[in-house]
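Under the heading transmembrane segment, TrEMBL lists 12-31, 37-56, 68-92, 112-131, 138-154, 160-180, 192-212, 552-574. Summarising the annotation, TrEMBL assigns domain 'Transglutaminase-like' to 427-497. Annotation comment: TrEMBL describes 499-540 as region 'Disordered'. Feature annotation from TrEMBL assigns compositional bias 'Low complexity' to 499-514. Annotation source TrEMBL lists compositional bias 'Basic and acidic residues' at 528-540.
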Amino acid sequence: MERPGGVTVGRVGVLGLLGAAGVAGLLFAPVFGLLPLLLPVFVVLVTAFVAVEVCFRWPWLVPVRPLLVLLSGLLGLIPPTGASPALLWRGATEGWLLTLQSTWPARPEPELLLFVPLAVLLAVVLGTEILLRSRVPGAALVPVLLVAGLSQLYEPVSGLAAVGAGVAFAVPAGLVLVRHRGRATLSTGRRAAVLLVAAAVGAVALGGFPVAREPVRLKGDAVALRQNRVGNPLTEVAQRLADGDREVFRYRADGRVDRWSLVVLAGFDGVNWTADPDLRRLGARRDGTGTRTAEVTVQGLTGPWLPSQSTPLVVDGLAPLVDESAGTLLLDGSTTDRRYTLTWSEPGVDGEALGAGTVDPGADGGLGGVGAVPPEIGQLAQEAVRGLRPTFQSALQLERFLATNYRVASGEDLPTGHGWPQLRRFLTDTKRGTSEQFAAAYVVLARMNGIPARLVVGYRGGERASDGSYVVRNKDVLAWPEVAVTGVGWVPLDPTPSAAAGAAAEPGATTGLAKAAGQARAQLPTEDELRPPEQPRKPADVPATAFDAGHAALVVGAVVLALGLCWLVGVPLAKAVRARRRRRRAGADGVVAAWAEVCDRLRAHGVPFRVGMTPRDLASAAGEATAGPITRLGRVLDMVLWSGVPVGDGSVRKAWEEERLVREVLAARPRGARLRAALDPRPLFGQSVQRAPRTGTGSLV
């Protein structure tokens, strides 16, 4: 059964519901980007509004209204074809999971994106029926709030974005609370207060209050894409060096690339190095600084790893999986004779600042296991860093220690292996190895000294060919360590003695983090000048207090800003809604409503109105400009209230005509006075016309 309330009030509520649902759908912008969401969400809202309007026009369609809204929304989203049902089913049942298994922003493909407008459509269907049939219209917001809550489980908004989202959601949601004039309801003033409070609460809630709580995210709990067990390129280093002239891949770029990575190995149990990639589908292109692009042709790799960089932004030509934390690319299948274009970010870092940087012990996998360390290695690890505490300077010292005291193996008898038996022999006996032993030894020694490090296998940048491309061969295979630096990320190092010669192969080729590391390496003091730094003072409680106070101030500021925005929007909106409802009253109620509107407008402009004031008294207090319309309106009011004559539409029209004349006089006042009157909330909180509070003195003349 349709809830009493009238078509007009129903339209206002439906518009508010659609607006709130649209905001809820657009809260998925951090996942897909704003532009890809605008069109499908807008289509759902427009088709739903048209379907509801049709039912308002022809009430006999009301019983099938949910079906009309649902079908119109579905047809608006996907044209009817043979493949449409399967696409809808996949988008509704798997889109949410496929999105979690992708990097963000996700590609705006239908099978991924479709679940968002479908969720908005379902919320609109349920919310519309609750709004127009239930005696609790506010319950219509529950489905919309569920959509908004789902968006926050994907990526919570915070800061000023949360404040704006809260206000944008609360303002249309407040329209849903408008009830029919024939029911016992809150006063208009109290309703305006509810709107303001609801907007503030919504802003704070979307902002993640309290600030100390870590928001819940579905992405961290999503099951990563599973892959079959794959080979470890680290075990192939010696084999590839023995057949050094075989081409592996070639690329075209604006210059030589310092190195290409295949796989990042962070796990070590004393015997084997392992990778635990968090593989996801590569989403839409991300923004990045210092972008570079290369066209890669792979010939001598059997897979599944593809040559990559630490921060890939987009891959064209293939659809590989990516581990965001490592930048590794993995193709499900053979990588032989594959072509693709890779664009990546290569941010510039100041070498001097990097040299003074601190390591990041919280980096994922940086302080992983080292297995059962042989007894003689502990003392060696301490001597290698000269007693320095964990910093990037001590990481460079460890690199220099290995490059100075150990040599690269060449020829046919190349050492193999990277477990502790081979590393102990390398560090204490032969002191000869390939990059496999150098990189593995560096990582375990760094971790023993509290320096977060991981092992990467890949290739150097190769040599320039006659056709302008760069050819990478087996002899360019390289294993190297990376160290996590606070505020920078993973910085590549190379502890092999041939690192300097390799970097000098093509002057100016080294860029990005590798270039900054080279600058920091050149500024490293000699071993005799290195001294263990003074222990830093224990952090006091003041920074933490300041941190908490700063966040508390941010929350308070956000609430104040939200209330201010709601005041600027909510007060004029509440007045407009109240005036519109008054104009729809008939009979004596319509005349009284016109009188109440005049009194409220005059009070907002500073005209005193007190209990017991007659129309003549009000005309005198308001001044000459409005005295005529007020006096004539008073006569109509007296006739309606005391004559006993039935009230016709003519009296109501006359009353509102006088109200219009008063409005025109007030519209001629200075702009500042009109602005103050529009934002004055006091007329919204009067209990009745007869008991209006004093507002001060003043005249319109």
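Placement of Cβ uses the backbone N, Cα and C atoms for every residue, glycine included.
Automatic prediction, not curation, is the source of TrEMBL annotations.
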Other than its close neighbours in sequence, what residues sit by the transmembrane segment (112-131), given a CB gap under 8 Å and a spacing of at least six beyond its ends?
-> 3, 10, 13-14, 17-18, 21-22, 24-25, 28, 32, 36-37, 40-41, 43-45, 48, 52, 65-66, 69-70, 73-74, 77-78, 87-88, 91-92, 95-96, 98-99, 102, 106, 137, 139-144, 146-147, 150, 176
Okay, the transmembrane segment (37-56) and the transmembrane segment (68-92): do they have at least three CB pairs under 8 Å, pairs separated by 6 or more?
-> yes
Cβ-Cβ under 8 Å with the transmembrane segment (138-154): same-chain residues at least 6 beyond its ends | 13, 17, 20-21, 23-25, 27-28, 30-31, 99-100, 119-120, 122-124, 126-128, 130-131, 169, 173, 176-177, 206, 215-219
Sequence-remote contacts (6 or more beyond its ends) of the transmembrane segment (12-31), Cβ cut-off under 8 Å?
-> 5, 37-38, 41-42, 44-45, 48-49, 52, 99, 104-106, 116-117, 119-120, 123-124, 127-128, 131-132, 137, 140-141, 144-145, 147-148, 151-152, 154-155, 157, 165, 168-169, 171-176, 178, 206, 577
DSSP residue counts for the domain 'Transglutaminase-like' (427-497), split into helix, strand and coil | 21 helix, 29 strand, 21 coil
